[in-house]
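J.: Below: one structure in structure tokens.
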Amino acid sequence: MSAIVDIIGREVLDSRGNPTVECDVLLESGVMGRAAVPSGASTGSREAIELRDGDKSRYLGKGVLKAVEHINTEISEAIMGLDASEQAFLDRTLIDLDGTENKGRLGANAMLAVSMAVAKAAAEEAGLPLYRYFGGSGAMQLPVPMMNIVNGGAHANNSLDIQEFMIMPVSQTSFREALRCGAEIFHALKKILADKGMSTAVGDEGGFAPNFSSNEECLNTVVQAIEKAGYRAGEDVLLALDCAASEFYHEGEGVYQLEGEGLKLSSTQFADYLANLCDKFPIVSIEDGMAEGDWDGWKTLTEKLGTRVQLVGDDLFVTNTKILKEGIEKGIGNSILIKINQIGTLTETFAAIEMAKRAGYTAVISHRSGETEDSTIADIAVGTNAGQIKTGSLSRSDRMAKYNQLLRIEEDLGDIASYPGKGAFYNLR
């Protein structure tokens, strides 16, 4: 038995200089698991609650000492002596201890830090790499990366309404080559922007945040960068968008306001706007193409694009099986973004991935805009054979930590490692 003998929570800083929660779990054998949790910028209204102190005299009210205290007192008392290899039981213990629907009492940040640290300790105890501990002998597929190379919306101070413009290398036969492709395009784009006298400063997730006049101008420039790097857009590399449409949806009026382009569009018009972009550019994936509360708009978008474009629900589904189940039954979207801190435990995270796959939906494992050096999501992506990962651009070490971990995993897998390429979009025609 891998008995838990000590649990230590602490306040550390994330990639934006904001406090977050880190946890160490020590087992009887002497092995330790350590995990730090991420934090989002654009968040879904139904996400599990991230507990912040609200004390304006510390970190502008963003301290997490209450969450840390919960780890070091209540949570510690509840799981001390339990078997770390019983992940589902441990997570259920945390959920019952919290006792709320949204984890608002103990805080999803406290609960997730413990859940992840327990899994890491148990993997160490078992002598297994984390991805293998999660997925067993069947874990062998590396994910296609969604690389956010241009930031707009809530992730940047520019006139782009769409939050993320991403590239997805798909013609390569290994993750290593896909990563090289992405890096070369990133540097080609930097040169193009510099030559145009545009900003090459990077945003929260490592992408550039220049002041393009329209979404189309941005997409044209990304295609130019792909070609400048020696790749073919639509063949070697596909494009993906994260609209984060909830951020510019005006519920009272029922319109999507693209301020950068001076447009006010109904749900149907915005679906047409996105379809037009997909006709002009090799876009394979659109995340949060409608607002989280606009289910009629989501239905329209799914009927219009759902057979040829991956339509990913992030704010829509918030990694929650109850909401995902409703979406599946209503034919909303065809993919779910998986963010571990939206739901707050690993067991619930894996349940959402499993439900999506059973329904023929894809699952994209994702970082948050406020990240740490913790690379657990890389192991989750391989351990669940998810096929796709979204973990930022080709700069900032908080993003590189995940890519570098995937390189190590691919090396560890050796000849049995596979890279799905276009096969990651198994539900598109």
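Any Cβ shown, glycine's included, is placed from N, Cα and C.
The structure displayed is predicted, hence computed values, not measured ones.
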J.: Determine which of GLU216, GLU217, GLU287 appears in Swiss-Prot for the same Mg(2+) site as ASP242, ASP314.
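T.: For Mg(2+), Swiss-Prot names ASP242, ASP314; of GLU216, GLU217, GLU287, the listed one is GLU287.
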J.: If Swiss-Prot gives GLN163, ARG368, SER369, LYS390 as binding (2R)-2-phosphoglycerate, which of LYS190, LYS191, LYS339, LYS402 does it give for that site as well?
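T.: So the (2R)-2-phosphoglycerate site in Swiss-Prot includes GLN163, ARG368, SER369, LYS390 plus, from the candidates LYS190, LYS191, LYS339, LYS402, LYS339.
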J.: Using a 10 Å radius around its CB, how many other CB atoms surround ASP242 (Mg(2+) binding site)?
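T.: Summing over all protein chains shown, ASP242 (Mg(2+) binding site) has 27 other Cβ atoms within 10 Å.
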J.: LYS339, ARG368, LYS390: which of these binding-site residues has the highest Cβ count within 10 Å of its own Cβ?
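T.: Highest number of other Cβ atoms within 10 Å: LYS390.
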J.: Near the Mg(2+) site, what residues other than ASP242, GLU287, ASP314 in the same chain have a C-beta no further than 8 Å from the centroid of the listed C-beta atoms?
T.: GLN163, GLU164, LEU241, CYS243, ALA244, ILE286, ASP288, VAL312, ASP315, LEU337, LYS390
J.: In three-state terms from DSSP, label GLU287 (Mg(2+) binding site) for me.
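T.: Looking at the DSSP assignment, GLU287 (Mg(2+) binding site) belongs to a strand.
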